[in-house]
Amino acid sequence: MMQLPILPQNNVTVATPGTDPMIDPETGKPRGRYAVVSLGCPKNLVDTEQMLGRLDADGYRMVDSVDGADFVVVNTCGFIDSARDESMAAIDEMLALKRDGKLRNVVVTGCLAERQQDKLLQARPDIDALVGVFGRNDIVSVVDELYSGLQEQRTIFKPAAVNPLSDAMRSAVTPRHFAYLKISEGCDRLCTFCAIPKMRGKHFSKPIEQIIDEAKRLGDSGVREVVIVAQDTTYYGMDRYGEPRLNQLLKELDKIESIDWIRLMYFYPMYIDDALIDTLASARRIVPYIDMPLQHASDKMLKRMARKTTRSLQTDIVQKLRSRIDSLVMRTTMITGFPGETEEDFVELMDFVQESRFENLGVFTYSIEEDTPAARLPNRVDPEVAARRRDDLMELQQQIAFDWNDSRVGGTEEVLIDAEMPEQDNVFIGRTRSEAPDVDGLIYVSQVDPDSPVEVGQIRPCEIVASQGYDLVAAAT
C-alpha cells in the first residue's frame with residue numbers, strides 16, 4: 001500500500017495580498033487550503049485525483065504539507081488488515097493534529113469509509129465528514145458545507161453507480177509523464193476471500209470512446225506512459241457490450257500517437273484468447289508486461305477461493321503468453337495461509353512458481369475479511385505458518401528475480417526517467433518497460449556525457465552495467 005506525498009497543482013489560484021485567503025475574490029466562494037493522504041491501489045489513486053480536480057476547480061488550494069492546510073482529505077484503503085491498519089493510523093494522525101488546533105477539519109473517503117460507514121464514525125467521532133466510494137463526486141459540497149459552519153457530521157454513501165464516473169476532471173499527483181487510466185469500476189468475480197465487490201459494487205465498464213478521450217487528454221498533457229487499471233481488466237466490456245472488448249479497446253489505444261507506453265495491470269486468466277494475445281504481441285505501444293494475479297496453484301485452493309481456474313489452465317496460459325509475446329515480463333501475486341492450505345498445497349504453489357519463473361511476484365498472507373465466504377471456512381492456518389510460507393515463497397522468488405536481473409547486465413534498454421536521485425548529482429531513478437510504477441524494481445541511471453543531459457520524463461537508451469538485487473544500475477548512452 002502506498003501513501004503519496006501530494007504536491008500542490010500549478011493551476012490553482014493563489015490568494016491576493018490583502019484579501020481573505022478563505023474567500024476567492026472572483027467567485028466569492030470559500031477557498032480553504034487542503035492536504036491529501038492517498039492510500040491503497042492505483043484505482044484509489046485515480047479517485048483521489050478526481051476529487052482533487054473538483055476541489056481545485058471550486059477554488060480550494062492544495063498545499064504540500066498538513067502544516068499549511070486548513071483541512072485534510074484522507075482517501076483510505078480497506079482491502080486487507082495491513083491496509084486498514086495503515087488507513088486508521090493516517091486518520092488518527094490527522095485527528096491528533098485537529099485536536100491540537102493545527103487542522104480545522106478531517107474528511108475521510110474511500111474504501112474503508114465505504115466498508116465501515118457508521119462503525120468508523122462511532123470509533124472516531126472527531127471525523128468531520130465520511131464519504132463513500134460512490135459519493136466522491138460530492139466532495140465539493142461536503143467541504144463547502146464544512147466551511148459554511150455546519151456542525152453536524154456529514155456522511156455521503158451512495159449505491160454503486162450503474163453508469164461510469166468520468167475521471168476526466170483530474171488533478172494529477174503522479175509525475176506528469178505517467179498516469180493511471182481506470183477503464184472500469186467494481187468486480188463481478190466472487191472470490192471467497194475478497195470484499196472488493198462489497199466496497200466497489202458490481203463491474204461496470206466505461207464506454208470505449210470515453211476511455212479514448214481520457215487517454216488522449218493524458219497524452220496531450222505530456223503523459224508518456226499510461227497504466228491501464230481495473231479490478232478485472234480482461235472482463236472489460238462484458239456488462240456494456242455483452243462480450244469482452246479489451247481487445248478492441250487496446251487496438252484503439254494503440255493508435256494514440258502522443259502516448260509512448262501502455263502498460264496492463266490486473267489481468268484475470270479467463271478471457272485471454274488468441275485474438276487478445278495477437279494484439280498484445282503486435283501492438284506498437286503496449287509494452288510486453290502483464291500483471292496477472294493468480295493467488296494460488298493448488299487445484300484444491302483455487303476451488304476454495306472460487307477462482308474458476310486450475311493449475312493446468314494457469315500453466316497453459318503462462319506458457320502461451322510467453323511463447324507468443326517477445327520478451328514478455330510477468331507479474332503475479334499469491335496468497336499463503338488460506339483456510340485449508342496444507343503443506344502439500346504449498347509445495348504445489350512453490351513448484352508452480354519455480355516452473356513459471358515470474359519476473360515479479362508479491363505474496364500476502366491470508367487476511368480474514370468480514371462477511372466473505374472464506375471467513376466462514378474451517379481449517380484456519382496458524383498465522384505463523386502462513387508467514388513462514390510467505391517468507392519461503394519470497395526467498396524462492398528472490399533468487400528468480402535476481403537471476404533475471406543478472407541476465408540483463410550488459411544489454412541496452414530504454415528507461416523512462418522518473419526522478420532525480422536526491423542528494424546525488426547526475427544520478428536519476430527510472431524504469432524500463434519491465435517495471436511498473438510503485439511495485440517493481442528501479443533503474444539507477446548515471447549521466448555520463450555532460451553534453452547529453454538526462455531529464456525527468458525522457459525515455460532514454462541506457463546500458464545496464466550492474467545488478468543490485470531487485471534493482472539495476474545503468475549509464476545513459
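A Cβ is built for glycine as well, from the same backbone N, Cα and C atoms used for every other residue.
Annotated region 'Disordered' per Swiss-Prot: 9-28, in sequence order. Annotated domain 'MTTase N-terminal' per Swiss-Prot: 32-148, in sequence order. The [4Fe-4S] cluster 1 binding site annotation in Swiss-Prot covers C41, C77, C111 and is backed by sequence analysis. Per Swiss-Prot, the feature domain 'Radical SAM core' maps to 173-403; the stated evidence is sequence analysis. What Swiss-Prot lists as [4Fe-4S] cluster 2 binding site is C187, C191, C194.
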Cβ packing number for C194 ([4Fe-4S] cluster 2 binding site), 10 Å threshold | 21
Around C41 ([4Fe-4S] cluster 1 binding site), how many other C-beta atoms are within 10 angstroms of its C-beta?
-> 22
C187 ([4Fe-4S] cluster 2 binding site) and C41 ([4Fe-4S] cluster 1 binding site), Cα-Cα, nearest whole angstrom = 15
When a 10 Å sphere is centred on the Cβ of C77 ([4Fe-4S] cluster 1 binding site), how many other Cβ atoms does it contain?
-> 24
Looking at the binding-site residues C187, C191, C194, whose Cα is closest in space to that of C77 ([4Fe-4S] cluster 1 binding site)?
-> C194
Its residues classified by DSSP, the domain 'MTTase N-terminal' (32-148) shows 65 helix, 23 strand, 29 coil
Measuring CB to CB from C191 ([4Fe-4S] cluster 2 binding site), give everything in the same chain under 8 Å that is also at least six residues away in sequence.
-> Q295, M305, A306, R307
State the mean pLDDT for the domain 'MTTase N-terminal' (32-148).
-> 91
